[in-house]
Amino acid sequence: MASVKLASLIVLFATLGMFLTKNVGAASCNGVCSPFEMPPCGTSACRCIPVGLFIGYCRNPSGVFLKANDEHPNLCESDADCRKKGSGNFCGHYPNPDIEYGWCFASKSEAEDFFSKITPKDLLKSVSTA
C-alpha cells in the first residue's frame, strides 16, 4: 500500500515538474503595465495593451492585440484611424519605441501638450520630429 502511494506521489511530482519547466525562460505577460515604461511589461517579448491613456495590461503579441486595437475607441495607428473611430483627428504615438500604436487626440498641439507634461523634454523632441 505504501509503494502505491509513493508511486502516485512520484507521478504527481514528475507531471508537475514537466509543466513548470516548460515555461522556464518564457516571458510572463501578465499584469498591469504603462505604455510609458521602457520596455513595457518589463520585456520586449510582451505588449502593453492600454485600457486608458496611462494604464494597460500585458499580453503576448498576437492577433488578439489587433482585435483590441480595432475595438478600442482611442487606440490608433494613424490619423485616419482616429477619424474613422470618431475619437479625434490626430494619432499621437507614445514616446516609447516599443509601442507601435498611439492615442487619438483632437489635434497635434493637444497631443504635444499632453506628452510634454509627462515625458522628459529630450524624448519629446525625438517624438515630435518623427
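If you go along the chain as it appears here, the first residue is 1 and each next one adds 1.
Just so it is clear, glycine is given a Cβ too, placed from its N, Cα and C backbone atoms.
The disulfide partner of C29, as annotated in Swiss-Prot and taken from the candidates C33, C46, is C46.
For C46 (disulfide bond), the count of additional Cβ atoms within 10 Å of its Cβ stands at 22 [all protein chains shown].
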